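Student: Here's a structure for you.
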Amino acid sequence: YNNHTSHLVLPDWTRQVFKTTHSAECEVFKEENLRDDLKYYFMSPCEKYRARRHIPWKLVVQILKIVMITTQLILFGLSNQLVVSYKEENMMALKNLFLKDYSGVDEDDYSVAVYTQQRVYDSLFYVLDQYSQLGRLSVGPLSYGEDEHGDVLPLIICKQYYKRSSVEPSNEAYDIDAQLETVCMSHDPKTANQWKTQNSSFFDLDFYRLVDMKITFQLNGINLQTVRSRELPDCYSFYITITFDNQCHSGKVKIFLDIDAQSCPCQDWKISGTAQKNTHYLLVFDSFVIAVCLTSAVLCSRSIVLAVRLLQRFSRFFHENYSRKVGEDDQNEFLNGWYVLVIVSDLLAIIGSILKMEIQAKSLTNYDVCSIFLGTSTLLVWVGVIRYLGYFQKYNVLILTMKAAFPKVLRFCCCAGMIYLGYTFCGWIVLGPYHEKFEGLSRVAECLFSLLNGDDMFTTFAQLKDKNTLVWLFSRAYLYSFISLFVYMVLSLFIALITDAYETIKRFQRDGFPLTDLQKFLREQKDFPVAEESSQTDVHIRYSVLCCCQRYDGVTGL
């Protein structure tokens, strides 16, 4: 005791012991604090609430978002169905209106085929006559297209033919200038009684030279059926092209009718009733969807930032105390891919909701782009539900099996895909001219995929034309070898890979999963041996099961 300072003076060795003890207590406190934070991070939302009484806002927002986005998608889907049905029904109506002798069903990729010169003239004049009488014939709200000055847009007829063509089949001789020339004329429906006499030379067709003839015109219409669903009607511009195709010069002229329907806001409209009020309610609902998605994206982004900081703390602690780096598997546990999935779905939902609001306000009319954004966001939202099902052990088996089998299945599909592409190209080049299912590369791929799943096998065999014996024999060898190889071997191996992953997961659940450094730290084990090399399946399973299965093993309850 120092009489001059009235303070208790400790020896140097006592002060050193005190400092050492205090430092050790601080290290223990930091370790326990880090362990508690890690345990809390890997808890389920319910466990977090029981541990610290923190409301799981992300879970609440996700549930609310699923309900709202699904409701939004259903409402938009019903509206989009009305738009698609309107376009399809107008396509059918215009074909019956402008194509002579149209049966109501397209013959192949074309609508009608004619085989005589007189039938070509009759079909051509029939289009012009029907166009001139549109106002008296159509039962729908259709009218001629108009320009910005209010004048009726004329019908345009263009014929394309070889510059010079002299063909004598009897002498097996021909003289053709392959350069194409195009001649056009316009037809005003107001001068319907004069067009045939004033342009008689134009309709004198040289079929040896004629390549094709196109008739283009524009019609306007209004989709009134949306009023029944309490929505504002859309105005449409139909750009119609009727093509007489004689490119093959085979004696068969194919007639096509193509429509490019573009919707646009109506310029002058007035409606009474509840349609306008219903539109306002939908706009308010879409605004709430955007607000919920923004909240979800902010919460998930915050969780990602916190996870990165927690990983940095754990890595620094591990390096200072054990002079080791955190393993790649343990690092991946902090990088939660579900949060990234949720953020992507939120961004897509926000963009889709904005487009939907523009469509509801009639400032935008592109339904297809909006449906892609809303559909993809809804898909990702429902896929994200799997994350919460992973907290239940019975459902978690399926999730872990999918994760463990995915790398091997992906590599297997890459190898099998090479064989599949070989069959696709071979079937297209050999069987394409003789079988409608092999006419294009995409159709061949679709046909083979159907055969792979056991669909349409007999039909594919039976529809092949047997006029060419060599091709017929090749087709049998081609189809039998493909079905035998893919159905009996490739599919069996595919199933075996998934079964092997499932059995591995079940064995680990029965015997225990390999512990990583992170798991040992959470279990307060002090030994951290250098990890031995293991198979890729085991490494992937350790990566997959840390955040899910160990929750039921007692990690979070330690």
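Each Cβ is built from the backbone N, Cα and C atoms, and glycine gets one as well.
Not my notes, these are from TrEMBL:
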type: DOMAIN; residues: 83-266; note: domain 'Mucolipin extracytosolic'
type: TRANSMEM; residues: 281-308; note: transmembrane segment
type: TRANSMEM; residues: 334-354; note: transmembrane segment
type: TRANSMEM; residues: 366-389; note: transmembrane segment
type: DOMAIN; residues: 370-505; note: domain 'Polycystin cation channel PKD1/PKD2'
type: TRANSMEM; residues: 409-431; note: transmembrane segment
type: TRANSMEM; residues: 477-498; note: transmembrane segment
Student: By a Cβ-Cβ criterion of under 8 Å, what residues six or more beyond either terminus of the transmembrane segment (477-498) are in contact with it?
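Tutor: Contacts of the transmembrane segment (477-498) (Cβ under 8 Å, skipping residues fewer than 6 from its ends): 401, 405, 408-409, 412, 416, 419-420, 423, 426-427, 430-431, 448, 451-452, 454, 457, 460-461.
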Student: With DSSP as the yardstick, break the domain 'Polycystin cation channel PKD1/PKD2' (370-505) down into helix, strand and coil residue counts.
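Tutor: For the domain 'Polycystin cation channel PKD1/PKD2' (370-505), the helix, strand and coil counts are 116 helix, 0 strand, 20 coil.
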Student: Same-chain Cβ contacts of the transmembrane segment (281-308) under 8 Å, 6 or more residues past its ends?
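Tutor: Residues 41, 57-58, 61-62, 64-65, 68-69, 71-72, 75, 334-336, 339-340, 342-343, 346-347, 349-350, 353-354, 356-357, 360-361 contact the transmembrane segment (281-308) from elsewhere in the chain.
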Student: For the domain 'Mucolipin extracytosolic' (83-266), what's the mean pLDDT in this predicted model?
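Tutor: Reported value for the domain 'Mucolipin extracytosolic' (83-266) is a mean pLDDT of 83.
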